[in-house]
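Undergrad: This is the feature table in TrEMBL:
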DOMAIN    53-365  domain 'Glycoside hydrolase 35 catalytic'
ACT_SITE  Glu201  active site, proton donor
ACT_SITE  Glu277  active site, nucleophile
DOMAIN    425-524  domain 'Beta-galactosidase 1-like first all-beta'
DOMAIN    548-607  domain 'Beta-galactosidase galactose-binding'
Amino acid sequence: MTTWSLRRRPGRMLGLLLLLILGFLVLRRVDWSALVPLWLRHRQLGLQAKGWNFMLEDSTFWIFGGSIHYFRVPREYWRDRLLKMKACGLNTLTTYVPWNLHEPERGKFDFSGNLDLEAFVLMAAEIGLWVILRPGPYICSEMDLGGLPSWLLQDPGMRLRTTYKGFTEAVDLYFDHLMSRVVPLQYKRGGPIIAVQVENEYGSYNKDPAYMAYVKKALEDRGIVELLLTSDNKDGLSKGIVQGVLATINLQSTRELQLLTTFLFNVQGTQPKMVMEYWTGWFDSWGGPHNILDSSEVLKTVSAIVDAGSSINLYMFHGGTNFGFMNGAMHFHDYKSDVTSYDYDAVLTEAGDYTAKYMKLRDFFGSISGIPLPPPPDLLPKVSYEPITPVLYLSLWDALKYMGEPIKSEKPINMENLPVNGGNGQAFGYILYETSITSSGVLSGRVRDRGQVFVNTVSIGFLDYKTTKIAVPLIQGYTMLRILVENRGRVNYGENIDDQRKGLIGNLYLNDSPLKKFRIYSLDMKKSFFQRFGLDKWSSLPETPTLPAFFLGSLSISSTPCDTFLKLEGWEKGVVFINGQNLGRYWNIGPQKTLYLPGPWLSSGINQVIIFEETMAGPALQFTETPHLGRNQYIK
């Protein structure tokens, strides 16, 4: 049998070869285009820059866009916000992609729940919106470290946003994963993504002339085939141009429009004009004013941009919320961290309500769309729930015994280099340092960003950027020195992003002598953090609680939960958690006086409320239907 098979094999091979030749001759006559789905046959060219116009295939195309960030909006409300965008007469959604949220630990990716980028993009397509994707790797977006992951700063020589090997290797691995998700969503693959932005406002940073070419190639090598764009403000436009990439501009006034469009013509000739970010408002910083831009001024500038023959993207159409600890900061002359609300005085409010800007812009875009606009969706209901009084309490000092063994170190360790989270350090939250001292004196050190100093459990003041020294009072015997340090947000814009490590940076000195032998607690306040505190760990609330402390209460809801706002009168500074969701920071210095609580994060029945308060506890937690931001909104 074996011998027969061997003898027959040459004949068998010849038969297969004849079949292949015959098949090739037949298939040459097949119209392959007929095998391409009808809905893909017309998607050959995509969005192009031709002369002064954008062209989508063979038709002139105007980009009337608006920015919504999926990671700042509860997933349950994505559809509501996108429908409101469509009803405003816009045709394109723009969104950033936050690397720090999607890769919280090196090589571990999260695109689930509120981070499901693909679901967000496909929902936009379903509603009838095109998409411009802004994947970074740096995005600014008033996010911690401009959206870059903090574990990059474990490298003492790290040079972010350059072709430094340690940075590009991390970007390459991230883009390998991210682009495998993005590529199928492109226009030429049947998806809604018509353009992709190369990095973000690099001209104002401009530390490496090879960097932007590297990012462009990194996108193209991984299958990005749609139109590529850059985006720069007036400070960086002259240095942000990349060969083969269409330059766009960011601005807020008509004066800047004339200046920048003239410059664009001089450097790239006859090309379509695009305002990638027309700022409909601005973000707020703790201790500053609430920024407001009048709706008539917005309409005037938007009209001028379109009349000048330019496409436009409204930044923000809907800002949303810096839930958790995602907010960034600015540090030029003074360090200023961004508030929890990303309301931005945008076209829709933080809770998705209509404004005077919305109505005026809907009328404007409706007048030039040529087709009737869909009706705006109804407003989502709001409720003022009854106030709640916390009934249980756990001081920070009592909580420490449930945290496991602290990290022990001769010297202070900064947050990013703590040996936690699989070696990735700590990204957000608080960090507590303890050491023993035997004398009084002057305490000094670099604290980033705000450190409350305790002798045993008694607060003696704060160290921060302005206050770098503090007197430690006369003590007797063995004394515990403690510093509770808060990361208030890493800088998201500017030249000092490489210097954004948090906690104690370098040595801590008492009378100019470095202190030694520290015990360090990582207080990241993630969901797993609170799982240590079962009900048996809490105590009844005393008349005079020891602070800092956690306070536990419950909100009872008998009907369908609705949106509301938490009002924290009498409380000073801290964080609120509802059913495990971190609503963000509060601080009585304003301008933000309430925290947005989305209805989908509540349930009928009992809802757990935990407040971490640093310095002064209030009597109760109140609820209101309207935010306290000094903001006029349109009630439909």
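Quick reminder: no glycine exception, Cβ is built from N, Cα and C everywhere.
Burial and contacts for the listed features, if you can.
TA: A simple way to gauge crowding: the CB of Glu201 (active site, proton donor) has 24 other CB atoms within 10 angstroms, across all the protein chains here.
Residues near Glu277 (active site, nucleophile) in space but far in sequence (CB under 8 A, at least 6 apart, same chain), listed by position: Ser67, Ser231, Asn233, Asn250, Leu251, Asn313, Tyr315.
Across the domain 'Beta-galactosidase 1-like first all-beta' (425-524), DSSP classifies residues as 3 helix, 57 strand, 40 coil.
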